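Below: the structure, in structure tokens.
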Amino acid sequence: AMSRDTKLIVVVRDPVTRAISDYTQTLSKKPDIPSFESLTFKNRTTGLIDTSWSAIQIGIYAKHLDNWLQYFPMGQILFVSGERLISDPAGELGRVQDFLGLKRIITDKHFYFNQTKGFPCLKKAEGSSKPHCLGKTKGRTHPNIDPEVVQRLRDFYRPFNLKFYQMT
């Protein structure tokens, strides 16, 4: 039901880190939720991942892209790296500006790295005289997750990631 000319900008990041970040966000609002490890598996003994848990589901990018491609051609979708958005915000936003056909006006000089948050921040937000950083919900320290669980998730996502890379 959208205009055929609609452009989509999709920020993706390592799906394992994304799932842990999602969990960290939920944990800050509901401290009594089960552990990440217990939510990750339908059955921990067999290693069966619970794909119904939204924190896992969202990172299966190939599945989502399959759906989007039914309505939008690939040329109308830009994938932005969440990791590069942190390490090189001006570079990634340059790609966004190009994709949208905008003049490149956002450059490195617009950012500084906030050590506390672990993210780049705008030196001065539009219409303001003070810097702007991501809100309190961003840049939280993630809980320590069992390395075996992290590896199991990496193995789980690998074929989906490969399909996603091939599609894009």
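Cβ from N, Cα, C; glycine included.
Just so you know, TrEMBL annotations are computer predictions that nobody has curated.
If you check TrEMBL, you get these features:
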- 2-158: domain 'Sulfotransferase' (DOMAIN)
- Arg13, Ser21, Lys138, Gly139, Arg140, Thr141, His142: 3'-phosphoadenylyl sulfate binding site (BINDING)
- Cys121-Cys133: disulfide bond (DISULFID)
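If you take every residue in the domain 'Sulfotransferase' (2-158) and average the pLDDT, you get 91. When the alpha carbons of Cys121 (disulfide bond) and Lys138 (3'-phosphoadenylyl sulfate binding site) are compared, the span between them is 12 angstrom. Looking at Cys133 (disulfide bond) and Ser21 (3'-phosphoadenylyl sulfate binding site), their Cα atoms lie 18 Å from each other. Long-range Cβ neighbours of Thr141 (3'-phosphoadenylyl sulfate binding site) (same chain, at least 6 residues apart, Cβ-Cβ under 8 Å): Thr24. Within the same chain, residues at least 6 positions away in sequence whose Cβ sits under 8 Å from that of His142 (3'-phosphoadenylyl sulfate binding site) are Ile20, Ser21, Thr24. Around the Cβ of Ser21 (3'-phosphoadenylyl sulfate binding site), 17 further Cβ atoms fall within 10 Å across all displayed protein chains. Close to Arg13 (3'-phosphoadenylyl sulfate binding site) in the fold, though at least 6 residues off in sequence, lie Ser81, Gly82, Glu83, each with a CB less than 8 Å from its CB. In sequence order, Thr24, Gln25, Ser28 make up the list of same-chain residues 6 or more apart from Arg140 (3'-phosphoadenylyl sulfate binding site) whose Cβ falls under 8 Å from its Cβ. Sequence-distant contacts of Lys138 (3'-phosphoadenylyl sulfate binding site), defined by Cβ-Cβ distance under 8 angstroms and a gap of at least six in the same chain, are Lys117, Phe119. There are 16 other Cβ atoms within 10 Å of the Cβ belonging to Cys133 (disulfide bond).
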